[in-house]
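The structure appears below as structure tokens.
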């Protein structure tokens, strides 16, 4: 999965897919009532990127729905996975549940079209703070109570704060998420800084073990050719990047073209890939 980073305006969906992304990451900010308000990152953000692009969440979700609904004039077949980077910093552990409930209701209305012919992409709820695990509980409960529990088959979970893996596993369990139940594990840092692959290697080892909790592992945010090669050699499942074309180029190199391929809609993002 080539994951286009910080896609917060609708026009950027086409921009990143045209560069080779089959997945995008979108930042979601919340108002004082725990309601998702904007697709917006703000400062600081990655080097060489403009931090202030934004849409109203409802508008972005409708644009995203069109881009991922077969038959729509805006449909992009390649776009199969969306990571919502949830900026829950202004939520408390007590309002996180409400935030998750309201975000599920918003996705149901504006992205899934009330459960009728909505967008088809898989969704990852990515939360930076393990203390906000109740966001996941609220999200899941809202879909169940609305009679759309079936949509949870399209939803995965990630804690993105580079916490201890056992602590993340515990937070997932508190949220009601079982081991390997659609669990993506991220590791990374802004492209302005360097980061070792130590935790990536630890997460990959967990993913590949008989008693791990991780389904897939992705690394963010990289675009240097050497770093991309190192990440692929570490056997990650996804790479988040500002330059999808760089990842495409590396995948086409002799040492990788027979080991990796781009994921398609037929590849289940929740299944452990047996190497």
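Glycine residues also receive a Cβ, built from the backbone N, Cα and C atoms like all the rest.
As the structure is a computational prediction, the values presented were derived from the model and not from experiment.
Swiss-Prot lists 25, 27 as binding Mg(2+), and of 59, 72, 85 the one it places in that same site is 85. Residue 5 (active site) has 25 as its nearest neighbour among the recorded positions 25, 41, 47, 51, 192, going by CA to CA distance. Looking only at the recorded positions 25, 47, 51, 85, the one with its C-alpha closest to residue 41 (active site, nucleophile) is 51. The Cβ of 47 has fewer other Cβ atoms within 10 Å than any other of the disulfide-bonded residues 47, 51. Note: the Mg(2+) site is recorded as 25, 27, 85; in the same chain, 5, 6, 7, 8, 26, 28, 41, 83, 84, 86, 126 also have Cβ atoms within 8 Å of that site's Cβ centroid.
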